[in-house]
Amino acid sequence: MSSTTFRTFARSFGSKIEKPVRTHLVNVYACLTVSMIAAAIGAYVHLFTNFLSAGLFTTLGATGLLLALMYTQDNGKNRSLRISYLVGFTFFTGLGIGPVLEYVIHVDPSIIPTAFLASTLVFTSFSLSAIFAERGKWLYLGGTLMSLLSVLMCLSLANLFLGSDLIFKSYLYLGLALMSGFVLYDTQLIMEKRRAGDKDFIAHSVDLFVDFIGIFRRLLIILAQKEQGSKKRKD
């Protein structure tokens with residue numbers, strides 16, 4: 001991006017969004033960046049050390065830290081504590097992705113950076129679409145997304161008994177579309193919450209982190225399956 005293009009983008013960003021909301025979004029995305037680094041460290045620990053690995057303990061740890069974060073209300077003085085909960089939650093989430101990464105590395109290690117770059121592109125595109133869209137334009141998606149989430153859960157449960165490859169692929173692609181939709185919805189919802197006086201950027205970053213991880217995890221599996229299918233056809 002050239003300096004002229006960047007300045008034009010910055011002026012557009014500044015003129016379209018109120019300063020409190022703009023500042024809030026900067027804080028949200030800063031927390032999201034910290035979360036991604038913590039998750040990457042967690043994944044590294046699972047893959048390359050014997051210190052911790054994904055399992056029941058990591059699931060319980062992630063759940064406990066998320067609950068601790070959500071039930072510790074922001075009072076302006078406890079942000080360091082709440083950020084530590086956030087980092088812990090995202091670290092354990094990264095550990096939880098470890099088994100998927102092991103599977104992908106076995107298929108083709110180059111899939112991981114490809115999936116990450118693709119996830120970043122999708123996330124950034126939908127985030128910017130939400131930020132610069134008409135106010136509240138994507139909030140109507142809430143009901144539809146929740147309904148699709150219920151369908152997704154039903155597909156997952158059904159496939160535990162059926163073991164259908166078609167259902168599993170439907171689950172992956174529907175989930176990818178669903179998480180992309182949540183990026184639109186959650187981004188605009190965060191903006192509206194800030195306009196209503198909610199300044200909890202730490203909790204708001206969790207929503208976007210979950211959306212990104214949902215996209216990344218599904219793209220990893222989709223690309224790995226395609227690579228496996230390509231290898232089988234060559235053989």
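From the backbone N, Cα and C atoms, a Cβ is placed for every residue, glycine too.
In TrEMBL this protein carries:
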TRANSMEM  21-45  transmembrane segment
TRANSMEM  51-71  transmembrane segment
TRANSMEM  83-105  transmembrane segment
TRANSMEM  111-132  transmembrane segment
TRANSMEM  139-162  transmembrane segment
TRANSMEM  168-185  transmembrane segment
- For the transmembrane segment (111-132), find every same-chain residue at least 6 residues outside the stretch whose CB is under 8 Å from a CB in it, and list them. 12-13, 16-17, 25, 101, 104-105, 138, 180, 183-185, 187-188, 191, 208, 211-212, 215-216, 219-220, 223-224, 227
- Query: Thinking of Cβ pairs under 8 Å, which stretch from 21-45, 83-105, 168-185 has the most of them with the transmembrane segment (51-71)?
  - Reply: 83-105
- Message: Would you say the transmembrane segment (168-185) and the transmembrane segment (83-105) are in contact under the rule of three or more C-beta pairs closer than 8 Å, pairs 6 or more apart in sequence?
- Response: no
